[in-house]
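Noted in Swiss-Prot for the protein shown:
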{"type": "BINDING", "residues": "Gly12, Lys13, Gly14, Gly15, Ile16, Gly17, Lys18, Ser19", "note": "ATP binding site"}
{"type": "BINDING", "residues": "Cys100, Cys134", "note": "[4Fe-4S] cluster binding site"}
{"type": "MOD_RES", "residues": "Arg103", "note": "ADP-ribosylarginine"}
Amino acid sequence: MSDKLRQIAFYGKGGIGKSTTSQKHLAALAEMGQKILIVGCDPKADSTRLILHSKAQDTVLSLAAEAGSVEDLELEDVMKVGYRDIRCVESGGPEPGVGCAGRGVITSINFLEENGAYDGANYVSYDVLGDVVCGGFAMPIRKQAQEIYIVMSGEMMAMYAANNISKGVLKYANSGGVRLGGLICNERQTDKELELAEALAGKLGTKLIHFVPRDFIVQHAELRRMTVLEYAPESKQAQEYRTLAEKIHANAGNPAIPTPITMDELEDLLMDFGIMQKEDTSIIGKTAAELAAAGM
C-alpha cells in the first residue's frame, strides 16, 4: 500500500447519504490499514458522528469562539480519535443566518495544515455541504483534494447536482490539478437506476465507481451511531462498503477532468431511459379553466 497522502472529497446533493457513505467507506479503508483523517466541511457537524458514536463533534469554530480565537487552540482540542484510530475534525459554522459558513472551512483547513494534522495520514477526506461549489465550500476543490467523488442516485435532482459539481471540478481542474474520481450511486430503487448512473458517468467523462444497494441494516446501524462495518461486520452490506473502499484505493492516478452537460442534455438522458416525458409547452402559463376550455 502506498504511503503517499491522498486527499479526497465527497460532494453530493443534500440528503443523498453522502456523509454516511463516506464514513462507511473510510471505516473500510481503516480496516485495510490506511491511516485516515476526516475533515468535516458542513455546519451540521455530522461528518464524523458514526466514527465517534456521537451526535455532533465540537467544531473548530465553536471551540475557537470559546477560547478567544483559533490561534488559542491546540490540535488536540479539535481532533478526536474514533473507530480504527480514524482522526476526526469538524470545521463547523456560524448560527443560521449569521456570517459565512464557508469561512469556517477555510479557517479550519489553514489551522490543520499549520499544526501538522496531516502528518502520518494516508488519506485526508473532506466531507462537503450538499452540492455547494462556491466560496469556502469550494476550497477542497480549489486547493486541497486531488480526487472528487460525487454521491448520487437515479433521481433527477441528485443527477442535476452531480452535473453541477462536475462544473465546479472543471473550473479548477487546470489551475488546481483536481480531478473527478467518479460517481457513487446510493440506490433509491428508482427505475433503471444502475443503467442511468452508468450513462451519466459516461456523459460526464468519468465512471461509476460503485453502486451501493439499499439495505435497512444501514438505518439500524445509524440509529446506534455506528457504521455498518462496526455494527454488523459480517453482513453483505458491510462487504459492499469494503468493495467501494477497494475500488477507490485502486483508483489512484485514474481520475479525469469531467465533461459536464447542459440541462437539456440531462433531460434528454432521462427521456432516453423513459424516466421523464417530453415537456408539453402548450400548457405552460395556462390556468385550470383555460385548460378545461381547451379540452386539455
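Note that Cβ sites are derived from N, Cα and C of the backbone, with glycine treated the same way.
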For the binding-site residues listed here (Gly12, Gly14, Gly15, Gly17), tell me which residue's CB has the most neighbouring CB atoms inside 10 Å.
Gly12
From the Cα of Arg103 (ADP-ribosylarginine) across to the Cα of Gly17 (ATP binding site), what is the distance in angstrom?
24
Under a three-state reduction of DSSP output, how is Gly12 (ATP binding site) classified: helix, strand, or coil?
strand
Expressed in Å to no decimal places, the gap between the Cα atoms of Ser19 (ATP binding site) and Arg103 (ADP-ribosylarginine) is 20
Starting from the Cβ of Ser19 (ATP binding site), draw a 10 Å sphere and report how many other Cβ atoms land inside it.
23
Provide, as an integer number of angstrom, the distance between the C-alpha atoms of Gly12 (ATP binding site) and Arg103 (ADP-ribosylarginine).
20
How many Å separate the Cα atoms of Gly14 (ATP binding site) and Arg103 (ADP-ribosylarginine)?
20
C-alpha spacing of the residue listed as 'ADP-ribosylarginine' relative to Lys18 (ATP binding site), in angstrom
21
Work out the three-state DSSP category of the residue listed as 'ADP-ribosylarginine'.
helix
For Ile16 (ATP binding site), list the number of other Cβ atoms lying within 10 Å of its Cβ atom.
25
